[in-house]
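Q: This structure is in structure tokens; I'll ask about it shortly.
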């Protein structure tokens, strides 16, 4: 037998098992600290992993609930945790995803308590030639956010996309995407607006581009982004460029981040195709 994955929430595990049963694949759940899912027929492992990636992207899809009704397992008799929402948050995010989220929250609280300018003096892109060797500044601008809506919007996308990349491709891949996109999107943005900017959106756009193109060119990677969402991302760039909503947006960072993500996905999928 082969262990496929583990879920903190047994209801989520049961939903996936029920769905796979409707697809002719028999999985079993073993309860330990988490709900471990096991596959007896290892020849079906790749198919199960592809379906698992789709399930993790949208576990609330009606087809999964319908599968539970079909199998008669909507009430499995398991004792579920009281906070399935928190369990879902944990299941979709790895350590790097959480560390970046925590850093953004801590910096946002600091900016609220001691003021934006005080924090920016320490974390902003080098605003004086004497600061160019303070290397952290080329990356720490991603942790600064200037409103509650700003940080919530960015962290939601970071959790959704960054968590998927980390879970499927590993923490190393997420770190590489984050570091490169933070550096290059920050460089472009400071050319547009000067050094006084901040936010995770350049990295988020890199993840959008990466996840979408990687999913299109390499479906076996287990990550994908619906085309409707990438269209939304492009429309948001256009809206920011023409200032449709009267909001200050880091247009340079958005465009640069998206290009970086697309380029990295293209290179990764090109290498993957050469290996096959």
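Each Cβ is built from the backbone N, Cα and C atoms, and glycine gets one as well.
I grabbed these lines from Swiss-Prot:
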- 94-114: transmembrane segment (TRANSMEM)
- 142-162: transmembrane segment (TRANSMEM)
- 169-189: transmembrane segment (TRANSMEM)
- 192-212: transmembrane segment (TRANSMEM)
- 201: active site, nucleophile (ACT_SITE)
- 229-249: transmembrane segment (TRANSMEM)
- 250-270: transmembrane segment (TRANSMEM)
- 254: active site (ACT_SITE)
Q: Taking the Cα atoms as reference points, how far is residue 254 (active site) from the residue listed as 'active site, nucleophile' in Å?
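A: Approximately 6 Å lies between the Cα of residue 254 (active site) and that of the residue listed as 'active site, nucleophile'.
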Q: For the transmembrane segment (192-212), find every same-chain residue at least 6 residues outside the stretch whose CB is under 8 Å from a CB in it, and list them.
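A: Residues 100, 104, 120, 123-127, 141-146, 150, 154-155, 157-158, 161-162, 164-165, 177-178, 180-182, 185-186, 223-225, 227, 229-230, 233, 237, 249-262, 264-265.
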Q: Counting only CB pairs under 8 A, let me know which of 94-114, 142-162, 250-270 has the most with the transmembrane segment (169-189).
A: 250-270
Q: So if I measure Cβ to Cβ from residue 201 (active site, nucleophile) and keep only same-chain residues at least 6 apart in sequence, which ones fall under 8 Å?
A: 154, 249, 250, 253, 254, 257
Q: Count the Cβ atoms, other than its own, that fall within 10 Å of the Cβ of residue 254 (active site), considering every protein chain shown.
A: 26
Q: By the DSSP assignment reduced to helix, strand and coil, which category contains residue 201 (active site, nucleophile)?
A: helix
Q: Which residues of the same chain, at least 6 past either end of the transmembrane segment (142-162), have a Cβ under 8 Å from a Cβ in it?
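A: Residues 89, 92-93, 96-97, 100-101, 103-105, 107-108, 111, 116, 119-120, 123-124, 174, 178, 182, 186, 198-204, 207-208, 211, 225 contact the transmembrane segment (142-162) from elsewhere in the chain.
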